[in-house]
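So that you can see what the record holds, here are the features copied from Swiss-Prot:
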- 1-21: signal peptide (SIGNAL)
- 27-37: transmembrane segment (TRANSMEM)
- 64-75: transmembrane segment (TRANSMEM)
- 83-91: transmembrane segment (TRANSMEM)
- E86: site 'Part of salt bridge gating mechanism' (SITE)
- 110-121: transmembrane segment (TRANSMEM)
- 126-134: transmembrane segment (TRANSMEM)
- 164-173: transmembrane segment (TRANSMEM)
- 178-185: transmembrane segment (TRANSMEM)
- R181: site 'Part of salt bridge gating mechanism' (SITE)
- 211-219: transmembrane segment (TRANSMEM)
- 233-359: domain 'OmpA-like' (DOMAIN)
- C332-C344: disulfide bond (DISULFID)
Amino acid sequence: MKKTAIALVVAGLAAASVAQAAPQENTFYAGVKAGQGSFHDGINNNGAIKKGLSSSNYGYRRNTFTYGVFGGYQILNQDNFGLAAELGYDDFGRAKLREAGKPKAKHTNHGAYLSLKGSYEVLDGLDVYGKAGVALVRSDYKFYEDANGTRDHKKGRHTARASGLFAVGAEYAVLPELAVRLEYQWLTRVGKYRPQDKPNTAINYNPWIGCINAGISYRFGQGEAPVVAAPEMVSKTFSLNSDVTFAFGKANLKPQAQATLDSVYGEISQVKSRKVAVAGYTNRIGSDAFNVKLSQERADSVANYFVAKGVAADAISATGYGEANPVTGATCDQVKGRKALIACLAPDRRVEIAVNGTK
């Protein structure tokens, strides 16, 4: 049975197209399943029954056919992880006791269960999952007369008892709306028979039931996933006149520079995932070494101000370029006198702030 079920599922997977493994979040699904179950352990816990089975006249049929329906709600499906709540109703099958080839007793079980199902996508369209929950199981006990095999209604009983339910399995999305699954499920300590003549005495017979099932489910609301628009990129550049921001030849911010920098910070703060680059420049007056040092110190002063306002230190850089990239070009080449030259070269003394990020 197991090999056949696995072969059918694998064959289906080979012919299937790739789809999302778990259902989309906040959607429902419903399905059916069937397979083979087996009763375990409980029969060996009853000394009288165990002794009887040692005789060749007795036989215990533990294997059974199982089937059920289920429905679920997909709570989460993010980063390959999924979480769903699943409700189902199963016929968990029946065990039969025979004596001399005739039916002696039957133990039948069916009921509803509620479980949480956690899943992980291991391949495109393929999930492995585990379930844990509780099942309310009705167990019916039927007995038959020794002589003619007719049912003995006086001994018959039924109980309703909660049992732990656990399962592991794999699920494959053949289509976004259609999935197949193969799982192994087990119930713990099912039923507890009490004879009619001694209702306060429980026979020590409460097996657990394991079953392997193949199922198919339909997923509602599995249209194409909404396309998330890529964030719009934003690039902004600000140029600050150093004569307004700094004293000539100095790297300390002037008091009046605060208003200008606060205005720039207001623009920066509107950019998400931002990266800020501060570049300092000087004019050509003075040595190259001094100009590079001064431009670096000015860039650092501006960057430190923005960090103090709230820009992450690892999201901002400061670089001094000295007299590189002058904006005046050859405009001031014919200017005579130091004061006049300083005034003409004022546009070269600047701090540029480049901001890149998203809206």
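Each residue, glycine too, has its Cβ placed from N, Cα and C.
All features noted in Swiss-Prot, drawn onto the structure.
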{"residue": "E86", "record": "site 'Part of salt bridge gating mechanism'", "DSSP class": "strand"}
{"residue": "R181", "record": "site 'Part of salt bridge gating mechanism'", "DSSP class": "strand"}
{"residue": "C332", "record": "disulfide bond", "DSSP class": "coil"}
{"residue": "C344", "record": "disulfide bond", "DSSP class": "helix"}
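On a Cα basis, E86 (site 'Part of salt bridge gating mechanism') lies 78 Å away from C344 (disulfide bond). Same-chain neighbours of the transmembrane segment (64-75): 22-39, 82-95, 117, 211, 213, 215, 217, counting only residues six or more beyond its ends whose CB sits under 8 Å from a CB of the stretch.
Beyond the ends of the transmembrane segment (126-134), by six or more residues, the same chain brings 13, 21-22, 82, 86, 113-120, 162-173, 183, 185 to within a C-beta distance below 8 angstroms of the stretch.
Fewer than three CB pairs closer than 8 A are found between the transmembrane segment (211-219) and the transmembrane segment (110-121), and contact between the two stretches is not assigned (pairs 6 or more residues apart).
DSSP labels the residues of the domain 'OmpA-like' (233-359) in these numbers: 51 helix, 35 strand, 41 coil. Rounded to a whole value, the Cα-Cα separation of E86 (site 'Part of salt bridge gating mechanism') and C332 (disulfide bond) is 80 Å. The Cβ of R181 (site 'Part of salt bridge gating mechanism') lies under 8 Å from the Cβ of G31, K33, G169, A170, E171, Y172, N213, A214, G215, I216, S217, each of these being in the same chain and 6 or more residues away along the sequence. With a threshold of 8 Å between CB atoms, the same-chain residues lying at least 6 positions outside the transmembrane segment (27-37) that come near it are 1-2, 5, 63-74, 84, 92-93, 179, 181, 183, 209-222. Within the model, the domain 'OmpA-like' (233-359) shows a mean pLDDT value of 89, rounded to a whole number. Around C332 (disulfide bond), taking its Cβ as the centre, 19 other Cβ atoms fall within 10 Å, counting all chains.
For the recorded positions E86, C344, the largest tally of other C-beta atoms within 10 A is found at E86.
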